[in-house]
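I have placed the structure first, in the form of C-alpha cells, so that the comments after it can refer back to it.
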Amino acid sequence: MDYLPLFFDLKAKPCLIVGGGTIATRKARLLHKAGAKLHVVAPKVSEELEKLVAASNGKVFKQEYDQTFLDDVILVISATDIDAVNSVVAADCHAIKLPVNVVDSPALCSVIMPAIIDRSPLIIGVTSGGEAPVLARRVRSMLESSIPAAYGQLAQLASKFRQRAKDVFENGDLRRRFWENILNGPIAEKVLGGNLAAAEQLIEAQLDSASVEKTGEVYLVGAGPGDPDLLTFKALRLMQQAEVVLYDRLVSEPILEMTRRDAERIYVGKKRAEHAVPQQKINQMLLELAQQGKRVLRLKGGDPFIFGRGGEEIDLLAEHKIPFQVVPGITAASGCASYSGIPLTHRDYSQSVRFITGHLQEGKENFRWSEFVDKQQTLVFYMGLAGLETICSKLIEYGKSPSTPAALIERGTLPEQRVHVSDLAGLAAKIEGLDVHAPTLLIIGDVVRCHEKLNWYK
C-alpha cells in the first residue's frame, strides 16, 4: 500500500491555497465544503475564489508567495501553473513537516487528494496515488452511480438511534442483527425513497418491542426489454440485495446474472399456451416468501405495469400489509422502437401512439378494430407473433391501408435483434419460414418509414 488513507477534520482550521485560478478554485470548493478557513495567496484571484474565502472568514493576499504564509496553517495546497513556485512551496512545507499537496505533481506531495464520493457523513475516497488520476475518477464515477444519494441520510438515521440501540440490545450479536435488518430491509428502503418519518416510526417500533425479527419485502422490478444497460440504478440495487428471485421468460440471461450470486432463483416463466406457474400461485409465492422474512425480487421483462400483470401480483401483498416497491422498467415499445430507429411519434407521421396486447384469447380477437385505423396514430402490439396474420388482416378489413408500413422486431435491444419490415399486406408472408422467435414487438404506422434512415443499432 503506497498511501494510508486518512480523513482530515478541517472545521474552522486555517488552510493555505497558493494560486488563484481555476484549479485553485476547484480545490477551494472542497476545502470550504469540509468547513476549512481558507487563506489564498496569488497575484490574481478568481471572483468565485474570493467569495469562498470570504464565506470561510479567511483572507486573500494578492501578492507573490513567500514562506511567511505558512505560519499557523495546518494544510497547504499549491495550485499554480508555475513549476518553480510549486517546487518552492513543497520544499518549504517539507522543511517544517507541514502537509502539502501540489496539484498534478505527486512527487512533490506529502499528502494527495483522492477522488471523493460524498454521502456525508459517509465519505469515500478513491486514489491511484497520482499514477492514474483519470482511472481514479472513472472508479469514482462507477461508485457514484451505484451508491444512492440518500445513503448519507441513512447514516444519519443510524447515528440518531445508535445509543438507544445499545441500551436496548446489550448483547453485541443481537445489536448487530438489529442493524443488519435495519440497513438491509424495508426501513432502509423508506429512507432511500425519501420517507424519513416512516423509517423513524418503524425503528421506534422495533426498539420498543426489542425485536430483531427480520421483516420481509417484495421488489416488483421491471428489467426492461433485454439490454442490461437499460436497467435503472434502483432496479440494479434491489436486484443485488434480494435473497429470492422469481423471474419470467422475458428476462434476458445477462440481466439475470446481475442478481445476487447466492440468491435462490425460481423460474415462473410463461410461454404462449403454457404457464410454468399459474398466476395465482405466483402471487401466493410472493406472499409466503415475504412472510418468511425474505427480501423477494419479482423480476419481469419490460415494465411490470404494462401488460405485466404487476398490479395483480402486489394486490395480495397490499391485503396482507407486506411492504413492497415497484420499480418501472423501459417498456418494450420504447426500447425496441429506439433500437430500431423507429420513433413512436413523429411530427410528420404520427401524433399519438397506442399500446395493445397482441395476445389473442384462445385465438380470438375482441378489439375495437375501427379505433385503430387513424393514419396519424402508431399502433404497437405486444406479444403479437402468433396472432400476426389475424392482426394484419383485421386492420385491413376495418379500413387500414394494406400499404401501411409495419415492422416486427425480434429480440429487440439484444445483439440478436432482427427487424422485419414490410407492410400490412405482406408482413405475415415475409416472415414465414424465417424461424422468428419471441419476444417480438409489432409496430404499425408511417413512423416505420424512418427505420431505413435512422437504424443505428446494427
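Note: Cβ is positioned from N, Cα and C throughout, glycine not excepted.
For the S-adenosyl-L-methionine site, Swiss-Prot gives Pro225, Gly301, Gly302, Asp303, Ile306, Thr331, Ala332, Gly412; the one candidate out of Met239, Met285, Met383 that the record lists there too is Met383. If you average pLDDT over the region 'Precorrin-2 dehydrogenase /sirohydrochlorin ferrochelatase' (1-203) in this model, you get 93.
The Cβ of Ala332 (S-adenosyl-L-methionine binding site) lies under 8 Å from the Cβ of Pro225, Gly301, Gly302, Tyr382, Gly412, Pro439, Leu441, each of these being in the same chain and 6 or more residues away along the sequence. Ranking the binding-site residues Pro225, Gly302, Gly412 by other CB atoms within 10 A of the CB puts Gly412 at the bottom.
Asp248 (active site, proton acceptor) carries neither a helix nor a strand DSSP state and counts as coil.
Gly302 (S-adenosyl-L-methionine binding site) falls within a strand when secondary structure is assigned with DSSP. Close to Ser128 (phosphoserine) in the fold, though at least 6 residues off in sequence, lie Leu135, Ala136, each with a CB less than 8 Å from its CB.
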